[in-house]
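For reference, the structure is listed below as structure tokens.
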Amino acid sequence: MKTLTPAVRISLGFRVLSLRLYSWSSSLSAISHDELKRVDADDLIKSYCESGMIDEAVSLLNRSLEASSKPSTRSCNSVLASLIKANKFESTLSLYDHIKMHGVSPDLITLNTIMNCYCETHKTDLARQVFDEIKALNFAPTVVTFNTLIKGLCKENRVDEALQIVSQMLAEGPLPNSRTYTIVILKLCRLSRSETCLDLLKEMELLGLNPTEATYNTILAGLCKEGKIKAGQMLSDNMGEMGLCLNVSTYTALIRGLCREKLFGEAKKLFYEMSVKGFPPNVITYTTLVHGLCAEKHWNEATEMLEEMVNRGISPNMVTYTGLMGCLCKEGHLQEALKLFDVLIQQRLEPNEFTFSTLIDGLCKAGRLEDAFRLFQLMEDRGLGNNTVTSNILIRGLCKFGKMEEAKKLLEKLEGKGSKPDVTTFNSLIDGFCKIGQVSAAEQLLQDMEVQGLEPNLVTFNTIVHGLCRVGSHVRALDLVEKVIGKGKKLDVITCSTIIDGMCKTGRLQDAETFLSRMDELGIESDVVVYSSILKRYCNNGQLEKARGVLRTMEEKGLRPNLVVYNDILQGFCQEGKIEEAIEMLHEIGSSNFAPTTSIVSIFLENVARFGLLEKFSYLLPSICGK
């Protein structure tokens, strides 16, 4: 007779058990309530639960509850736990109510199970009520009880409440175990609160609990994600001293953090250390390093890293390629980026929307609009054309080169396909029309935005205000500014500077000063640029006392004049023949720790000569030249 292997014997045993259970299940409906007591219902319920036959277990338990011989609390607990394991939470609570109604008293395990059910369904407040019930029934909550509640609170992001319960356990008992801390640490890391986890690690050490390698790696990854690289490196060193190993994910997180801090030497050292420690880098690790190098424009090293990756038999993914292509485009190596695109197509990788957008943006910036549209057509052919980001790139490219009619036609085509323009789309078009002097078209687009329910932002308003001022429509610009204020939006200094500069250029200095006061009323801090526009115009008009007044106002507001401001006022004094005042201004420039520029000195000397005062002020030449 052939001998059966252990695996075959186990398989046959399960088949026999299943057949018996099926037989019992089939005959169950024929058993009366009175006969049910003669069947070992508890053992049968246990067998059903262990075999995953939950419906049969529930049915038998319900029949047992109706019989004169009630099922044990142990059987009830088994069925409730099985229902939760199967994610049948409503059935769990319904059965629990049925069990209580038939007089079977819950024990601590039952109540822990119901607490768990509430926590799994994000009803932690109800779980707290069960916790209070445990105490009311004079049961002593165990670590499992507390851990269940802590887990529920963490699921609902109520981690501070969870930490309070940990503190309560430390004060009153039972003491938390490793599972307690692991639950909280995992949640804290997800909420970017990894430094709190370091305090919890110390607590664990004081309690004689040994955090697992996974716990350390979780905290380390969290610290790196939050940019706390020094703390991460210290924890990594501690792990090494304790004989604990970083895993691939943690190495990758550290490398990402080091790249973010521009510590590429350390990042690469750690990268090559991985393989030595038995954790060869994967595609995510390589991609992380490639992207880090790309972010700092080290495209040569990034390309070498890609080649090394391929030589090691690790296939770059779309994220790897896209990051490197983006870097090549930004550095002006568009042709290399396009070659890389051909490589990934040959490797049968499917470019995503971001890949296409990256290359289309590079082509548009290089002025290769026809190539950009060809690539966009390829994108549409692959079912990815209805993409607002890519559409915006194309529209911005057309606007940049003044192709406004084509930009509008593209917008209409996209709208016809169901693509909805956003604020960025309109801002690009508005900027394009303003640059070619068609401000009325830009204003119409502003109205179109509002009709479509899009909220213009400050960039929108600044662009139109600048466009209106450029064509001399200052009244319309001011009307628009008042409209913005009426909408409750706060203007920025760029908008105000544009208005004031436009007024100054058209000689409306009084209006400019009035608007400057309006800025103060609106709580908008003026900057040097705003004041320099007014000051320059006063100097050009020969109103030097008013220019000096502007200078004093700047100083009172703590705004330090720059060389442009000094140059304007010095030139004004020289042109009016006020050489004494010009000399005073030169001394003031020197005392402000500025060295007079060649142009400032040239202006001074030219005007000294023009007024025949060169001999009188020649003694100043060594001093000026020295500065």
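Count begins at 1; order follows the chain as displayed.
Placed from the backbone N, Cα and C atoms, the Cβ positions cover glycine too.
Among the features that TrEMBL reports, repeat 'PPR' is placed at 72-106, 107-141, 142-176, 177-211, 212-246, 247-281, 282-316, 352-386, 387-421, 492-526, 527-561, 562-596 (among others).
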Go through the chain and flag residues at least 6 beyond the ends of the repeat 'PPR' (527-561) whose CB is under 8 A from any CB in it; none is fine as an answer.
493, 496-497, 500-501, 504-505, 507, 509, 512-513, 516, 519, 568-569, 571-573, 575-576, 578, 581, 592
Within the same chain, where does the repeat 'PPR' (177-211) have neighbours whose Cβ lies under 8 angstroms from its own Cβ atoms, ignoring anything closer than 6 residues to its ends? I mean 6 or more beyond.
143, 146-147, 150-151, 154, 157, 159, 162-163, 166, 169-170, 218-219, 221-223, 225-226, 228, 231, 235
Please spell out the DSSP helix, strand and coil residue counts for the repeat 'PPR' (142-176).
27 helix, 0 strand, 8 coil
Cβ under 8 Å to the repeat 'PPR' (107-141), counting only same-chain residues 6 or more beyond its ends: which ones?
73, 76-77, 80-81, 84, 87, 89, 92-93, 96, 148-149, 151-153, 155-156, 158, 174
Three-state composition of the repeat 'PPR' (72-106), taking helix and strand from DSSP:
26 helix, 0 strand, 9 coil
Please work out the helix, strand and coil residue numbers for the repeat 'PPR' (352-386) from the DSSP assignment.
26 helix, 0 strand, 9 coil
Integer mean pLDDT for the repeat 'PPR' (562-596):
74
For the repeat 'PPR' (107-141), give the DSSP counts of helix residues, strand residues and coil residues.
26 helix, 0 strand, 9 coil
